[in-house]
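Working notes, beginning with the structure itself.
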Amino acid sequence: MATINDNYLKLKAGYLFPEIARRVNAFAQSNPEAAIIRLGIGDVTEPLPVACRQAMIQAVEDMGQRENFKGYGPEQGYAWLREKIAAHDFQSRGCEVDASEIFISDGSKCDCGNILDIFGNNNRIAVTDPVYPVYVDTNVMAGHTGDANDRGEYDGLVYLPISAENNFTAEIPSEKVDLIYLCFPNNPTGAVASREYLQAWVDYARANGAIILFDAAYEAFITDPAIPHSIFEIPGARDCAIEFRSFSKNAGFTGTRCAFTVVPKGLKGKAADGSEVELWGLWNRRQSTKFNGVSYIVQRGAEAVYSAEGQAQIKELVAFYLENARIIREELTAAGLDVHGGVNAPYVWVKTPAGLTSWDFFDKLLQVCNVVGTPGSGFGAAGEGYFRISAFNSRENVVTAMQRIRSAGLA
C-alpha cells in the first residue's frame, strides 16, 4: 500500500474557514428563514474594475485571432506586467526592485506555502500569535514541526504573541530564528507597522542571517503616509526579505487569481555544505518546474490596474471597503465593544464580551444576529477572546449587520 505524508495527520481538525462554513451551513439548514450576513472570510463582494474587465475582454478576443493568440506564457509572468509592477508599486516608492525579481502567480496564499520548497527542514521558524493559519499549516505539512500541544501550538515553531498590550506588533525574539513571517497590514488584527518597527526586524534578520517572509497582501488599504507599503522601503531589506503581494483585495481578483512575489537577486541562503546560494535562482527553478504561469487573459486584467482608469477604480474600490470598516468600528464601539484595527486595514479585531470565548461569541452572533465573523482563537491561542470582522461586503449588508448587533446588546 502506498504511504502518505504523515505530517498532514498533525494538522488540527479542520482548517479554520471550512469549520466556519460547516457551522454556518448547519445553522442555515435548521433555520432556512434566516438572512445570514457573512463578515467572516476575507472574500470581496464588489465587481471587478471596469478597466480590468475591458482588458480581459480584449485579451479573450486576442486569443481568438491567430496573430495574437498566446499559448504557454513565461513561468515568471509576462514582462509587460512585471515592469509595470516594478515601476508603480516599488520604484515609485524608492524601492530598488527590478522587474526580473518579480514572479507572477495565482495567489499570495499559494506563494506563502510554496516558498517553503526552497528552504531546508532545519530552520527555526517564527510566527506571530494570532497568525494567518496558512503560515503555520504549510510548515506542518512540510514536516517542519512536531505535534501540537493542548493550546494548538506546534513544537518547532517560535510563537510571538501580539496583543493590545504591544499594539498587536510582536516583540523581536531574544533567541535566533531563521525564517520570520510578518504580515502588515496585519491579518487578522488590522494592525500596521511603523518604519522604525520594520527597520528593527530588518536589522535583526541581517544580524542573524534570517529571512523575513513579508506578506503585504493588504498594503493598498494603508492611508497613513507614514506607514511603509513594502518591506523594501526599509534600508537593508534586500539582504533579508521576500515579499508577497496580491491583486485579490485591491482589485477584487479573489475569483480571478493573480498575485506576485518579489525575490531580490543577491538574497542568499546556506546550503548543507556551508556554501551560500542565491534564493532567486532556487525560486525561479521551482516555479519553472512546478508552475506554468498565470493565464494571459488574467495578466492583461492585472496590467489594467496600472492604467490611469484602473488606478482611479481600485482606489474607489479600496475606499469603499475602508468606509465599511469605519462603519463597523464606530458601530461596534457604540455597542460597547473593545475594537481594534479597521483604519489602515479591512479587518476589525474585536474583544469578545466578558465570559465568552471566541467560538462562544461566534455561535451567539450567528444565532442571535444571523451574522458570521471569524473566531480569534482560530488564528492561534493568543487570539482567544477576540473576534475578526471583515469589511468585505456590500454597504447594505454591513449596515444591517451592525444594526442587528447593536440591537442585540451583545456587549
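Using the three backbone atoms N, Cα and C, a Cβ is placed for every residue, glycine included.
Take the pyridoxal 5'-phosphate site that Swiss-Prot assigns to Tyr72, Ser108, Lys109, Tyr132, Asn187, Ser246, Phe247, Ser248, Arg257, Asn292: the candidate from Tyr154, Tyr159, Tyr218 listed for it is Tyr218.
Same-chain residues at least 6 positions away in sequence with a Cβ under 8 Å from that of Asn292 (substrate binding site) are, in sequence order, Tyr72, Glu75. For the pair formed by Tyr132 (substrate binding site) and Ser246 (pyridoxal 5'-phosphate binding site), distance between Cα atoms is given as 15 Å, rounded to the nearest Å. If you compare Cα positions, Ser246 (pyridoxal 5'-phosphate binding site) sits closest to Lys109 out of the binding-site residues Gly42, Lys109, Asn187, Arg388.
DSSP assigns Ser246 (pyridoxal 5'-phosphate binding site) to a strand in the three-state reduction. According to DSSP, Tyr72 (pyridoxal 5'-phosphate binding site) sits in a coil region rather than a helix or strand. Taken residue by residue with DSSP, Arg388 (substrate binding site) is part of a strand.
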